[in-house]
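**Student:** Below are the structure tokens for one structure; questions will follow.
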Amino acid sequence: MAISEAGKRQLLEASRSLGVEIGDKLDRFSEYYDLLVAENEAINLTALNTETQVIHKHFVDSLTCFLSGRLEGFLKGIDVGTGGGFPGIPLAIVNSGLDLFLLDATRKKVEFVNRVCDRLGLPNAHALWNRAEVLGQQAAHREAYDRVVTRAVSPLNSLYELCLPLLKVGGFLIAQKGPEVEGEIASARSVEGKLGGRLLEVIHLKLPVIGDPRSLVIVEKVAPTPDKYPRRPGAPQKNPLS
Ligand code: SAM
């Protein structure tokens, strides 16, 4: 099912108010929507199932990552815990210079994301089935990315251990969070330094049109991550660093 004409106008206008121009890419968003709706029941990709919810709470919400000002140009990135492709697929549609790996630990979700990449013809997006802790200890992925993006995966104290080992020194983590992020930030303050990160800024924002509050937590990788991190699979989330 394609996005309705009214839905396309909403998506165009909401993106524009984020400073993101998607005019010639609307058909790709529409095809993505079509696949999400067709496969959601079988794979359980999202609880949001009206057109308006998908447009605003998935597509536009993902595009708010551009408000970080750190996703333009040619970059190698990874979306940790992409699920049904958020925020990675919308970012890869908009910036074809962003070479983006879409990582998830759940095979059926990764297979879905792979089908989306094929159908939309996104040569800059690559679905990857694995755990972040495993990739973080592999030479091909450790400290290999300019950007890590992530949404709704883990609290910051464990998220940092999943994400920061993947970043090059000088790269940035852009973590999408809800409005009440200060407590999480406080309990992760001692963790980011252990992993070579430094909290740079928190951008508070509201989703265009629907006004839902969100924040972007931006962490810079300022030093190499010690070899012992990430710990074995499961450990960062079961027993977060403190
Ligand atoms: N980012 C998507 C979104 O916002 O719609 C999906 C969020 S979903 C709540 C969390 C996803 O993170 C799940 O698909 C799960 O399989 C994945 N995940 C959790 N821990 C992970 C890990 N250690 N490595 C890779 N993926 C992980």
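Here the Cβ of each residue, glycine as well, is placed from N, Cα and C on the backbone.
Those TrEMBL annotations? Automatic predictions, nothing curated.
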**Student:** Which of these, Arg28, Arg151, Arg189, does TrEMBL say binds S-adenosyl-L-methionine at the same site as Gly81, Phe86, Asp104, Ala105, Thr106, Ala132, Glu133?
**Tutor:** Arg151
**Student:** Which residue, out of the binding-site residues Asp104, Glu133, shows the minimum number of other Cβ atoms inside 10 Å of its Cβ in this structure?
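**Tutor:** Across Asp104, Glu133, these binding-site residues, the one with fewest Cβ atoms within 10 Å is Glu133.
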**Student:** Would you mind listing, in sequence order, the residues at least six apart from Gly81 (S-adenosyl-L-methionine binding site) in the same chain with a Cβ closer than 8 Å to its Cβ?
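**Tutor:** Spatial neighbours, sequence-distant, of Gly81 (S-adenosyl-L-methionine binding site): Leu103, Asp104, Ala105, Ala132, Thr150, Arg151, Ala152, Val153, Ser154, Leu162.
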**Student:** CB neighbours of Phe86 (S-adenosyl-L-methionine binding site) within 10 A?
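**Tutor:** So the Cβ neighbour count for Phe86 (S-adenosyl-L-methionine binding site) comes to 27.
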**Student:** Which value in Å gives the longest Cα to Cα span across the S-adenosyl-L-methionine site residues Gly81, Phe86, Asp104, Ala105, Thr106, Ala132, Glu133, Arg151 as recorded?
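**Tutor:** The span, Cα to Cα at its widest, is 20 Å.
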**Student:** Which residues does Thr106 (S-adenosyl-L-methionine binding site) neighbour through Cβ under 8 Å, counting only same-chain ones at least six apart?
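**Tutor:** Sequence-distant Cβ neighbours: Gly83, Trp129.
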